[in-house]
C-alpha cells in the first residue's frame, strides 16, 4: 500500500482519508451477533451506549429506519387497561412543574397541563396525501372533532356565538357557528405555521440517488449476488461443494471466480471479468479497490465516510457476520475462514460501480455520467421541495385547540398562535412516546419496589435449619424453580450465582468434537477441562456405545447429505422414502410419544460410559493453544472461596450446584435459550466442575486456611437443569458418600417436585396450554414442546425479564416475582470493602442489561431490530437465518421468542447503601455509562433500613412507596392459576414462614389434581392453612397465626388478602 | 359394494376439501371469525376423511378386481355438439396420488396448527392449503382434461399466493410473481394440448382402461405430447424453467414442505403419467421427456451442490429426484416412477419440516460421529481439473446463468423492443404534429433531458477501463 504499489492512484496525492479507519468506524454500527451456535445476548444498540438512552434510540431509529419506543397506540391501550396510571403520567411530566405558572396562551393550559392532556389523547395524524384527502373529502374542517366532551362542545359553541360575525337576526345554526369558528381557527394556525423544507433524508450513496431519479434500485442487482457470495464464503458445511479459494480471503476468492473469462451474462456485469483480472494482476489491495470504486462512483472525498457506512448498512447482517469472523474467528462454528470486512466492502463497491453504471446507462442513455445524476437530483430537489407549511402540524394544532381548554379567539393573535403551534410541536410523537414509555416503566418500577418493601414487613425471618442448599444461575427463569423449591420444601436454602459458577473454562465433553468456551463473553478462558471415560470395565461398553452411535450418525448423515445428491439420493428415496411417512405421521401427530420411541430404540441397548471431569491440573505443560489443562489447587480455592463468600453460603450438608441450558427442535435460536453466563452454552459442566473442586480434599483444606470452614459432612453435587422441558440431570452421583445419600435422595425428590410446579407455572404463558392444565400434565406439556418439529415456541426464554435483585435471598424469599427477576445472591455483611459487590456488578450488570436490552429492541421493532417471524426462516451456512430464499442475514430475536415481553429497562436493585454504589460507579466508567446514560435503572436498597434510592438525574433519589395493597397467598399456584398475562408481586407464605417439616409431604405433587380447581394446590395442609389465614385476617382478629405474623398486624399494614382463586 | 358407494367415495375425495374450503371461505367472507382450533380441525378433518375415502375405495377396488372406476358428477356445459362432463376417474395411478395428497395435506394441517399458532394469516393459510388440496385432488382424479385444467390452475394460483404469504415484504411477492408467471407460461401448453386434443380426437375424456384417446396421426400425438411436456416442466421446475423453485421457499415452512417438497412439484410428472396413453405411441415425446429430465438432473446436481441455505439445497434436491422421475417416465417405467414419486414426497416433506432444526441436528451428528464431519465435495475437486473447477463453481453458484439469460436476454430483449417502439412512436408523433409541442410521456423523456444538458457532446467517463 505504499505509493509504489499504487501506480494508477496518483502518487502525488496526499491522501487524507484513511479507508481502514472509515471502515472501522462504520463497522461499529453493524450487528454484533455471532453465529447462531454461540448466540450471546447483547445490547442491540451497543454502538450508542455513550449516548443517553432516550437520545440513542431516537438517533438509531433515524439511522436504521426503526422504532425507538413502542407505538403510541400500544401505550394508549396500556393507559386504558390500567397498566399505566394517572400518577405515572403526572410523575413523568413533573419536571415541567418548575416553570409552570404561565399559560401557553392566555386562558389556556400551562405547559404541564398541555402535556397531561396530550398524553392521554390519542390523535392519529395522517401523513401527506392521506391528510389532504381527509381535509378535502371529509368535514374535519367545518365540524368539531367527534371526540369532544359535552362541556367543551358547549364552551366552543359559546365562543363561536360570542365571536359570530354575520346576521344575528335568526339565531345562527350550530353548523354555521362551527364552520365559522373552525374556519377562523384553521386560517390563524395555517398563517402562523412555520414553513419547513421537506428534506428527504438520504445518504450520498449513488444507489439512493439513482433510486430517487430513475426508480430503479441498483441494490436489486447487487444484493442477490453479494448474498450468494457471502453465504458461499462463510458457509460452515451446508454446501456439498465448498467455495474454492477461500484461503485467499473474500476479495481474492471473488476475483478468482469472477475474473475468469466467459463470465455471467448479466448485462450489468459486462466488463467485470477484465477489470477483476487487471486488479488481480496488479495485486490491488482491498483498500485500494475501495478507493478506486469510490472514485469511480465520482463521489467527493468528504462523502466517503457516509457512503461506506451506508453501503455496509445496506446489507448489515452479512457485513456484520464478516466482521464477526474477522474479530472472533474462535467463535466460528466449524471453520474460521479468513474474512475481512474491508474485503467484503471492496466486493460490494465493485458490484455497486457496475450496477450504478448500468442503471445510469439504462435509464439516462449510454453517454450519461454520474455527474448527470447530481444535476438531475439537485434540479429535482429545488422544485419538488420548497419550504412548505406542515399540514400535519396545523391539523394537530387545530384538533388540539378544540379539545384543550383554550379560547380559540386568542389564537387570532399571531404571537399566541405561534406559541400554540410551538407547544404542539414540542410534544411531538417521539416526545410523547418517550414520556409514555417513562410512565410505563415507572408503573413497573413502583410495583416491584413497593412489593419488595411490603414483603419485608410481611415476611418473618426464620432461620430454618436447612436440610440442603441449592445454588442456581441468576437467570430469571430459575426464579420460579427456586421459589417452588422453597415452597415445597421449606428446609432448603437457595442461592443465585452467575451460571458459570466462576469456572471460566473451555470445555470438551466426551462426545464433543471441539472444545468450546463456557464463560461469559467478556472473559477469556484460560483453562481447558475435558470429560473422560473412566474405569476398565467401561471400555468395552463404551466402545460398543461409540460404535453404535457412530453407525447411527453415519446413517443419518447419509440420509441428510446423501439424500440431496443424485445416485445416493435415489437410493435413499427408495430406501427410506416410504418409511418417512411413519416419521411424518409420528412427528406431526404424536411428537412426544414418537420421540420417546425413537429414544428407546437408540439408547435402550447401551447407556453411556461413566465419566469424570479432568479438573485438576496434574502437569504444568503448555499445549500451545494457550490453555492450561485444568486448574491448580490454589486456583480452585480462589474460585470456590470467592463464590462462597459472595453468596454468603455456609455449606452444611448437601449443596446442589445447578447449571442450566435448553434443548429444543425447530429452533435455530436454540442457543439463545441457553445460559448467558456461559456465553450461550449449557452450564451443566460448569456446575459439575465447581462441585468437583469444592469436594476436593486439598481445596477444602485450602478453604479452611482462609477461614471458610466446610464441614466434613458437606457434599457438593453438580446438576443440570433443562429450562425447556424442566428436567434435571445430576453428575457424578456414584461419588456421593454414603452419609449424604439420604439427603441427596430427598433433595432430588424435592427438586423434581419443584420442576413440576415450575413447569406448571410457566405453562400459563403458553396460549396453547389449556387454562386448566392439571399439574400432572405440566411436564408432559413442556416436554412435548421440546421435541415438536412444529413448535415455534419451545420456551419463552428470557421474555418478560424486567428486574434484577442483588442481595440476600432471605429478603426476597417467599416473594412471587413472576419469573421476571434475575436473582443474584450477595451478602453485604460479608463484604465490608465492597470489593465483592464491585465484581458482581461488573459481571452481572452488563450481562443482564444485554439480555434485557436485546429483548427490548426486538420487541419494540420486531422487523427492524429483531429477525421477524420465525415461520419463513431459512438457515444459511449454519450461521444464521434468512427470511425465505435470499435475504439479509437476520439478527436479533424472532417474534415468537419476544411476543410476551414487556419492554422496560432493567431495574437493577442492589442491596447496598447509595454511597457505596455511587463510589463503585465513579470508579468503573463502563458500568457508570450504562447507569448514568439510563440503559439500566439502578436502585440502592439499604441493607439496614430497607430504604430505597432510585438513581435518576445523576443522583440517588429516595423512593416513596405508593402502593398499599400487597397480595398474600398460600402458594404460588393460587396467585397465578387461570391467568395468562403479567402478574404483579405477591407474598407466598409457605416459602417464607417456617412450617414444621412434618406438615410438608415432600412427595405430594405426584398425586395432586388440577391446580385451577384451587384446593388442588400441591399440599392440602398448605391450602387449608392459607384458607384459615385469610379468614382470620379478614375478620381482623389478632394473634391467630401459629407463630406467624399476626393477622391483625397484617391488616393494620393494609395488606389485602388475596382470596383463593 | 354398490356402485353408488363407489361414486360417493370418489366424489368425497375431491368434494370434502372443496366443501371445507367453501364453508370456511363463504363464512369468512361474511365476516365470521373462528378460533384457530376450529379452522384447523375443519380442514384436517376434511383431508383426513378424504384420505380414508381414498383408502377404502382402493381397498374395495382391489378386492373387487376392478381396475378403473369412472364417475360422472354432472355435466358442466354442452355447447353445440360438445359436452364437458365433470368426470372423475379412479384407477391405480389416480387413487395413489389422491391418497398421497390427502394424507400429506392432513398431516400438514395438523402440523401447522402448532406452527402457525398466533400468526395473523392463520385462516388465509388454511384456506389456501385447502383450496390447493382440492385442486390437486381434481387434477388427480379428473377423467377429463378440461376438468384437469381447472384443478391445475387452482393448484398454481394457490401455490403462488402461499409463496407471497408474507406479503408485507417485497421479496416474497416478487418470487410469487415469478412462480406465477412461469406457471402461466407453461399452462399455455396444457391449454393448447387440450384444444388440439379436442380438435383431433373430438374428446378429451378418458374412456375406460384405455385412458385418453390418442390422436390418429403421430404428428399430432407428438405435438400434444410436447405441449404436455411443456406444461409439466413449469410445475416440475425442470431446466430451464426451474429458477422459481428455490425462490418459492418464502412461505411458512410447512407450506414449503407440501408444495415444493412434495405435491406441487409432483404434479408435472403426474400429468405425464396421466396422459401417457396420448403420447405413448410417439417415441419422440419419450425421448424429449427423458432428455429434459436428464438435463435437469445434470444441471441441478451441480447447482444443488453449492447451495448454502438449507431450503434451497432441498429445493434442488427435489428437482433432482423429479428429473429422475421424468427420465423413468421417458423410459416407460411408469410404476417405478409412481413409487419414486410417492417415496420422494414423503422423504422431502420430512426433510423440509426438519430444516429449522438443522443446527441442532448438525451438533448431534457431530457428537454421534465423534469427529468433525468429513469434508464433502473432495472427489469433485479431484476429478475436475483446476481451472475448470472455478468455472464450474461459478456456473453452479450463478445457477447456470439461466436467470441472467431470462432477465437480460429474453424479458430484457422484449422490454428493449417495447422501448424502441415507444421512442419511435414519440418521434412519429413529433413529426406528425410538426410545430406544436406534443406532450411527451414516453420513456425516452429522461434521455433527451440528459442529452440536452450535455449540449450535444456526451461522453462517458469510465476511467477504470481506459487505464
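Cβ from N, Cα, C; glycine included.
According to TrEMBL:
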- B:76-126: domain 'NADH-Ubiquinone oxidoreductase (complex I) chain 5 N-terminal' (DOMAIN)
- B:142-366: domain 'NADH:quinone oxidoreductase/Mrp antiporter transmembrane' (DOMAIN)
- B:439-467: region 'Disordered' (REGION)
- B:6-30: transmembrane segment (TRANSMEM)
- B:42-62: transmembrane segment (TRANSMEM)
- B:93-111: transmembrane segment (TRANSMEM)
- B:123-143: transmembrane segment (TRANSMEM)
- B:149-167: transmembrane segment (TRANSMEM)
- B:179-198: transmembrane segment (TRANSMEM)
- B:210-231: transmembrane segment (TRANSMEM)
- B:252-272: transmembrane segment (TRANSMEM)
- B:278-302: transmembrane segment (TRANSMEM)
- B:314-337: transmembrane segment (TRANSMEM)
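Taking Cβ pairs closer than 8 Å, the transmembrane segment (B:6-30) reaches residues 39, 42-43, 45-47, 49-50, 53-54, 56-57, 60-61, 69, 71, 73, 88, 90, 98, 102, 105, 123, 126-127, 130-131, 133-134, 137-138, 141 in its own chain, all 6 or more past its ends. Outside the transmembrane segment (B:93-111) by six or more residues, the chain places 13, 17, 40, 43-44, 47-48, 50-51, 54-55, 57-58, 61, 126, 129-130, 132-133, 136-137, 140-141, 254-255, 257-258, 262-263, 266, 270, 273-274, 334, 338, 341-342, 345, 349, 353 with a CB less than 8 A from a CB of the stretch. Note on the transmembrane segment (B:123-143): residues 10, 13-14, 17-18, 20-21, 24-25, 28, 33-34, 39-40, 43, 46-47, 50, 70, 85, 87-90, 94, 97-98, 101-102, 105, 108-109, 112, 116, 150-155, 158-159, 161-162, 165, 205-206, 252, 255, 258-259, 263-264, 267, 270-271 of its chain, located 6 or more positions outside it, place their CB under 8 angstroms from a CB of the stretch. For the transmembrane segment (B:42-62), the list of distant contacts is 1, 5-6, 9-10, 12-14, 16-17, 19-20, 23-24, 69, 90, 95-96, 98-99, 102-103, 105-106, 109-110, 113, 126, 129-130, 133, 137: same-chain residues at least six beyond its ends, Cβ to Cβ under 8 Å.
Beyond the ends of the transmembrane segment (B:278-302), by six or more residues, the same chain brings 197, 211-215, 218, 221-222, 224-226, 228-229, 233, 238-239, 242, 272, 316, 319-320, 322-332, 392, 395-396, 400 to within a C-beta distance below 8 angstroms of the stretch. Residue counts for the domain 'NADH-Ubiquinone oxidoreductase (complex I) chain 5 N-terminal' (B:76-126) under DSSP, split into helix (H, G, I), strand (E, B) and coil, are 29 helix, 9 strand, 13 coil. Mean pLDDT of the predicted structure over the domain 'NADH-Ubiquinone oxidoreductase (complex I) chain 5 N-terminal' (B:76-126): 90.
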